[in-house]
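According to Swiss-Prot, the protein carries these features:
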type	residues	note
DOMAIN	1-132	domain 'YDG'
DOMAIN	126-290	domain 'SET'
DOMAIN	163-219	domain 'Pre-SET'
BINDING	CYS250, CYS300, CYS302, CYS307	Zn(2+) binding site
DOMAIN	296-312	domain 'Post-SET'
Amino acid sequence: MGLVGLHSGTIDMEFIGVEDHGDEEGKQIAVSVISSGKNADKTEDPDSLIFTGFGGTDMYHGQPCNQKLERLNIPLEAAFRKKSIVRVVRCMKDEKRTNGNIYIYDGTYMITNRWEEEGQNGFIVFKFKLVREPDQKPAFGIWKSIQNWRNGLSIRPGLILEDLSNGAENLKVCLVNEVDKENGPALFRYVTSLIHEVINNIPSMVDRCACGRRSCGSKHVFREKLSVSSSLVISAKKSGNVARFMNHSCSPNVFWQSIAREQNGLWCLYIGFFAMKHIPPLTELRYDYGKSRGGGKKMCLCRTKKCCGSFG
């Protein structure tokens, strides 16, 4: 976080100095906090959080006491009084690692309230309520939604099938429709790999020898133009996988690439999809269908700013 300038402090709060000649206690103001869920922080709400002040604990085997408006609590108090924007990073435990954490940047917040209350140890602690600024893309909210779906605490909106692959994939492929009332696709066979006819003729650049059949004659991994005499058509009408449901877009976020791969001494054709840019969680994957040799134009429904109105 320090490398990207998000949070450079070694503690759960970062502050900067400000010029305020009329307020001696306002020379430092909080600009970033990390809510780790410790110190009685309340972090379950995706649009707000309760941040506990600093001090008054026996973290270093000292005597517990009431928290005071001093040291690290002063920058938080200054941000509250001046209604200054504060960056918030949510810290969550990584379930895949014993001592690992996951940090989620959740945008900018504003401290809207500050009060004192009795803590779990019987001493007074400071509480700061931070509310997320409007018109920001969800971050921690998406994380919490996914957790609730996995744990069965809530149902994903528009969910039709929990696993379209019926266990064929390592990860479940959820079928979701948030656009219309269509209940699901027509009957088809879910496959995890492309069912194709083997390309019997090895490309001319590969020597026709045992060495060539082991792929050491050519070092090309991706091959856009294949030396194939007949046209190739990939149809997902009767069988396919998750790529079967990827829609067209005039502003795609993935692109397709043909791949020629040696398998058991023979060349086979595959299609791979690659990200064109950063894709946030729960974002629909779309690619440009391109131009077809026949069939005419079809109406485009991508509704992006660069929509051409038709494709094909």
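FYI, residue positions are counted from 1 along the chain as it appears here.
From the backbone N, Cα and C atoms, a Cβ is placed for every residue, glycine too.
The sparsest Cβ neighbourhood within 10 Å, among the listed binding-site residues (CYS300, CYS302, CYS307), is found at CYS307.
Averaged across the domain 'SET' (126-290), the predicted model reaches a pLDDT of 79. Note: the Zn(2+) site is recorded as CYS250, CYS300, CYS302, CYS307; in the same chain, HIS248, SER249, SER251, LEU301, ARG303, THR304, LYS306, CYS308, GLY309, PHE311 also have Cβ atoms within 8 Å of that site's Cβ centroid.
When DSSP labels each residue, the domain 'Post-SET' (296-312) comes out as 0 helix, 4 strand, 13 coil, counted as helix, strand and coil in that order.
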